[in-house]
């Protein structure tokens, strides 16, 4: 049966790029296999189904999976069905089935209308509509069947060819289910990295004390790559928290890999620990944490393109589920060797059998975090098999001949035969022992080599047959490498050096001589027989190379069997000296050394070491370059590097010295180093200090005062700030000879302090007036920068004006007060200065003061009164005048009465008594605490007071009168006067 697409493509264009989002569900071979498996399992579960559906309605309206259900299905979106038929009672289950059937019946018509509309929106052919109807029917049956058993999770990805690559399907089916125990199976099939994997598992879950504990085992089968493994897992769940641990163990060995040519593969053994948690207060927000590790030499934990040895990874992520239908999240995966990747997740969790409204309800999210709705969740494990890879042996090497035996110096050709799919890039030899013994192995081509046997080695033992054989046997190993980087097996070439009739030994005397053409190196060759006895009179041909002299001589050995050569050279390097006698050859390396530049013999200097950074003044940098013998070295490629400033052109003086000027317009310290032939030269570096011009430029410098006005109190200060800048715009630090000169009233200037960007001092004074201050450096007066500071008198209360009198401020005025009593405070000897202050009273409204310093008393006071004048120009300065009255004065009436009546009226007015004579007047105006002495005639303050006589008392029974106009006391009887009452306060 062939399933046809049920709708056509939807083309979406965005920003000039075309992106196809498939609306078509086309089941391929994998889906057909899965359907068949589900149908077979369905037959076995029919009995169980009848048990749970015994009381259900016999006919349930099918729920159609139409094309509209998949219109929003993009790659990596998941449709999840979680139906738990075994967790509820029969009555509850029947009610749920009926309710679901009603919901499905209500939505079926809409689904069919959308499905039909999608089909008619296609090409319009009748056959396409028919095929789509068949596809709808199949989808309807699959979904209805899945709704009956367990939990299914489908992840369908469709590419432009309608294949199901990177798709997956998992299904958990409960076989035995009770309130506290669940036995289930889980079937899964998936496609990832072009591999189809089948997962078969069984498990149990049990509920104890609010925790769900589970064990499971899985068989994982890579159907495409023929890999098999078994998995063991454990679970521990509770509300809002899920913990899991899994182990994975391979069941098959190495076999050819389908991912890499020339590689084998097998499952990697490993395991993981997983945790998923959700916030009870905010169940929409969840987090995950996973640790996984696998063992092996080349394990593809981060994909087949990132193979690692014993890799591990830690994954941390957060997710947010605003409604049950949608989950978004981000995972950060970090592994070995700084491997990391970020995964953004968008998951559609469509629960088949539930209304669409419930899946868009935020309040439904909390229930999905509880055990009641999660006991049928799929097992949390890695269903994809992690693979380990191993390089295959694809190149085979053989050597011809495989063994060589000959005399010293004999030459043999060695041929390499290589079998492999790719051409040979090189043959790698392990021939260090042969080369060290004096033999050579020279390539003629990639696979052909000339081998020259080394000298024969003689041992010192008397019986040395076996030792000689061992000492002159060499085992050379070779392996071939093709252009793909593949290496062959190692092949061994056995080399035996036969004993010659004569032997040659060499000794070098004076090696490492200078290559000056004068100093010689002596090489002595000793010729001996097979027993090591020196042979005299043997002709030895000695040759040299690399331009040495002589280049060839023939010498006869002396009585000690020694032939000598003394060679010189003007070319440094290795000179090979070779001696030959009767077919025997012996070579030895000699070394001529040309003097090389030496940092410990060379010097670097800077003159001068401190200059002004004006871009004109220069420090001369000089290098004296010498070799190891202390000789000057001219003509070298010398460069100076500086960390600051500009280095001029280097001049070679042809005597081993090199110099260049260094200038700068930037302040700081320049460090100069040397390079020779582009490489760092370790001669000690030198430093040059670029400073500012010590003479400040008036046009660029600045001079400021923090405030131009201060009080002449010796405390308030103004801060002077001088910023000296030279003509190049540089701040001058460490300035010497700086002072601030003054002209005007005398002031005190503190010592000058250097700040990071200025020079500061403070000014205070005690004399009012103006002073001008000018910065001066030595004899240079910067008159254009001078500033003026004005010193003002300290605010002072100088007098109290009371009814024509000016009282001193220290006499405690007033002691007596009355309604509408007024006086004026005088600031700085003139009431005209009162407007320069802000006035306030501490006892308002009884005592008030205006902006002229006029104080008015409207009612009696009960404590000390403070009248404060705050300077408007210097708000931090204020002056307060304080007084504490002790008598409140009041006229007992406006009628003339007798002394007895006056006493009665004062007492009747709640006054203590008639004012005592001693508190009434002394006959003179003075701040003496008497009423008339302080205030004079009270008629000047209010019309409530009358001119004439007022009763006062000398004693409690002896009365006399006081004239309000003159303040005079009149003794003797008086018949009528005004009452003058007083209340102690």
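The backbone N, Cα and C atoms fix where each Cβ goes, and this holds for glycine too.
According to its DSSP assignment, residue 906 (disulfide bond) is helical. Taken from Swiss-Prot, the feature disulfide bond covers 906-981.
Assigned with DSSP, the residues of the domain 'Big-1 1' (503-594) fall into helix, strand and coil as follows: 0 helix, 57 strand, 35 coil. Sequence annotations record features per position, and here Swiss-Prot assigns domain 'Big-1 1' to 503-594.
Summarising the annotation, Swiss-Prot assigns domain 'Big-1 2' to 601-691.
Annotated region 'D1' per Swiss-Prot: 494-594, in sequence order.
The region 'D2' feature in Swiss-Prot is assigned to 595-694.
The feature region 'D3' is assigned by Swiss-Prot to 695-794.
Swiss-Prot lists 795-886 with the feature region 'D4'. Taking the region 'D4' (795-886) as a whole, pLDDT averages 94 in the prediction.
According to Swiss-Prot, the region 'Integrin-binding' annotation covers 795-985.
Look at Swiss-Prot and you will find 887-985 tagged as region 'D5'. Residue counts for the region 'D5' (887-985) under DSSP, split into helix (H, G, I), strand (E, B) and coil, are 22 helix, 29 strand, 48 coil.
Annotation source Swiss-Prot lists topological domain 'Extracellular' at 494-985.
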Structural state census, the region 'D2' (595-694) (DSSP three-state): 0 helix, 56 strand, 44 coil
Number of Cβ atoms other than its own within 10 Å, given for residue 906 (disulfide bond): 25
